[in-house]
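Novice: Take this structure first; my questions come after.
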Ligand SMILES: C[S@@+](CC[C@H](N)C(=O)[O-])C[C@H]1O[C@@H](n2cnc3c(N)ncnc32)[C@H](O)[C@@H]1O
């Protein structure tokens, strides 16, 4: 991943000034036909199955994309607007049980993404806990509550869950109540509050039960890219994410990596790229506006609405204006390579079935029937020294998940 060079920083600062000067021009230029999205994350999922292992908060829907009506989402968005289209899309998502999920072509990809979130959330809960014990969290774009168990495991005190999709918020609340009712008498579960709001347009602080609410962590998992339709929306989401953080609090999240997306697009002969698991389609190549740079993201088994490119150096600059300093930004690959050095994270990876068992004995049933999807694994074990089965992801799934990055900002005193 490219580091932000001085020149890049200067460019970003300059563009930001221009954007602030001409927000309306940019807004109208960039919002044509912009829809919401559903991230490739496969994030979103909620079932009872994370009783033991937090193994899936992904979008577990089994619906296939209707190829005959590919243009339909755009039309719909023109009529009802971007935010409502996103809400409608997520509201429609069905919850899927473990059995169905385990048969999914992207079972391991979803688990891998979920592991990434678990490790990230765990790390920042630990960092806060070194300073205080009563931890309050804002889950911005909580979906159906896929991360509730992570917050329970993190023994936080209070959680505010918010999402644009009202049915998702209801399902999240229901899931929390069920989780609470299953608690043993001496078991602790956080207090929770649920808010339906468009975080790119509504000011969340006016909706909290306590208007002076302060958070230690704002977690924004596979959500922030929806806001990059216009400067105002991206800035409002940042304000919601960071405005009520205590000094020393963290804004953490996962979002597609614009460098990776553009690199893959530029390497493609067409306006799209992908494989049998995911596909990304831009409107055109070579022109990447800072806001409203829309692309359609399709992930196997998921009907998507489009998302917007987030140019990370710009996000970093904008975050500074909200008193935030970057702690780190890592691609999913870098994050994995770093975190896997820790035995606990490695064990969690196994428990969450975040990698597919691969062996050459022909005894494993693989999610992909394309032999070249496992060439890398074959290569790795060919000297016979590796312990089998090897944990891996099919090449197609890896290509899909490696689009993402992990970020963390800290609120300055
Ligand atoms: C890919 S899902 C991720 C859900 C959850 N964070 C997870 O990781 O399981 C994206 C979520 O962002 C929500 N979202 C999109 N735009 C939003 C907005 N403007 N305000 C609040 N939530 C939004 C969607 O409704 C959806 O629940």
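Any Cβ shown, glycine's included, is placed from N, Cα and C.
Note that the structure is a prediction, hence the values are computed from the model and not measured.
Per TrEMBL, the features are:
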BINDING   117, 141, 163, 198, 221, 226  S-adenosyl-L-methionine binding site
COMPBIAS  1-24  compositional bias 'Basic and acidic residues'
COMPBIAS  28-46  compositional bias 'Polar residues'
COMPBIAS  48-75  compositional bias 'Basic and acidic residues'
DOMAIN    104-412  domain 'MRNA cap 0 methyltransferase'
SITE      144  site 'mRNA cap binding'
SITE      150  site 'mRNA cap binding'
SITE      175  site 'mRNA cap binding'
SITE      225  site 'mRNA cap binding'
SITE      307  site 'mRNA cap binding'
SITE      404  site 'mRNA cap binding'
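Can you tell me where each of these features sits in the structure?
Specialist: Counted within 10 Å of its Cβ, the other Cβ atoms near residue 141 (S-adenosyl-L-methionine binding site) come to 27, all protein chains included.
Per-residue pLDDT, averaged over the domain 'MRNA cap 0 methyltransferase' (104-412), rounds to 92.
In the shown protein chains, 31 other C-beta atoms lie within 10 A of the C-beta of residue 144 (site 'mRNA cap binding'). Residue 144 (site 'mRNA cap binding') carries neither a helix nor a strand DSSP state and counts as coil.
Residue 150 (site 'mRNA cap binding') has a Cβ environment of 24 other Cβ atoms inside 10 Å.
Cβ contacts within 10 Å of residue 175 (site 'mRNA cap binding'), excluding its own Cβ and spanning all protein chains shown: 21.
In this structure, residue 225 (site 'mRNA cap binding') is part of a helix by DSSP.
In three-state terms derived from DSSP, residue 307 (site 'mRNA cap binding') belongs to an extended strand segment. Other Cβ atoms within 10 Å of the Cβ of residue 307 (site 'mRNA cap binding') number 31 in total over all chains.
Neighbour density for residue 404 (site 'mRNA cap binding'): within 10 A of its CB lie 24 other CB atoms from the protein chains shown.
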Novice: Measuring C-alpha to C-alpha, could you say which of the binding-site residues 117, 141, 163, 221, 226 are within 10 Å of residue 150 (site 'mRNA cap binding')?
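Specialist: So the list is 117.
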Novice: Other Cβ atoms within 10 Å is the metric here; tell me which of the binding-site residues 163, 198 scores highest.
Specialist: 163
Novice: Scan 141, 175, 198, 307 for recorded positions whose C-beta lands under 6 Å from an atom of ligand 1 and note them, or write none.
Specialist: 141, 198
Novice: Rank aside, I only need the closest one: which of the binding-site residues 117, 141, 198 has its C-alpha nearest to that of residue 225 (site 'mRNA cap binding')?
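Specialist: Result: the closest of the binding-site residues to residue 225 (site 'mRNA cap binding') is 141.
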Novice: Find the shortest Cα-Cα separation between residue 117 (S-adenosyl-L-methionine binding site) and the recorded sites 144, 175, 404, and name the residue that gives it.
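Specialist: Out of the listed candidates, the nearest Cα belongs to 404.
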